[in-house]
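Starting off with a structure, shown below.
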Amino acid sequence: MGPDPSLAYRPECHEKDKTEFRNFENGDLFDRVFNTYKLMHTHQTLDFVKQKHQVWSNCSHFSLSMMDSIDSLDELVDESDPDVDFPNSFHAFQTAEGIRREHPDKDWFQLVGLIHDVGKVMALYSEPQWAVVGDTYPVGCKFQNSIVFRNSTFEGNPDGKNPAPNTEFGIYEPQCGLDKVLMSWGHDEYLYRVMKFNKCTIPEEGLYMIRFHSFYPWHSNGDYMHLCNEKDQQMLPWVKEFNKFDLYTKSTELPDVERLKPYYQSLIDKYCPGVLQW
């Protein structure tokens, strides 16, 4: 018998040391990753984010089933990811299978693992990757030091020269809640909006995972707590639990997608069936 393929999906058994993930200091993909964040941190202003909400949140661009949207990610390699250089569709199934092993009783959680990055389809419909992928962070207030490449990529951002949004709270009230905070625009917020628009029935915990899984300064570094309300604090453990599968299931051992599809199609049919508006 050959090696157990499930090892590729089990965070606790993964052959890659956890300290090797999210290496933003060197590596074969460093230049690509840095350049993506440089563009993001230069152009993602408060006004830019408001504009993208107007463009994408009405979900009037195209119609596509969830599985077809996942398949479309075969064409996308995330240029902000220092860990992988293969299509995003494989990462979807890796994440879902990792969750399935650890949480076999939570089918909605498994589905979130599968679909969490599907908002990246924006990159296949005219958006540059710096407006789609990568870590997210609030705009309209001080950029915290935990943001990736904080000290080397924001010098060209006009908001950095505006005193109003450069305080700890900026345009927000203390403990206003993340629902009232404008995040840098990307696939997290877009997919959240698609889920709400199409009345998908994924539980609130899953919607939080979708909306904030890329908000590393919050869920992994503990920043921006001054903007969080009680609900955000209650949901944080769920986002943290999701993160370990999102991050540590990445592997060059790619899953047998065709074998897995029927099971995950049944979850799609349960929580976000049919053709969706994007």
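Glycine residues also receive a Cβ, built from the backbone N, Cα and C atoms like all the rest.
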Using only what Swiss-Prot says about Fe cation 2 binding by Asp117, His187, identify which of His213, His219 is listed for that site too.
His213
Can you match one of His61, His91, His226 to the Fe cation 1 site that Swiss-Prot gives for His116, Asp117, Asp246?
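The record-listed residue among the candidates is His91.
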Out of Glu79, Asp117, Lys120, the binding-site residues in the record, which is closest to His213 (Fe cation 2 binding site) when you go by Cα distance?
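Result for His213 (Fe cation 2 binding site): the nearest of the binding-site residues is Asp117.
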Looking only at C-alpha atoms, tell me how far Asp246 (Fe cation 1 binding site) is from Lys120 (substrate binding site), rounded to the nearest Å.
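Rounded to the nearest whole number, the Cα-Cα distance is 15 Å.
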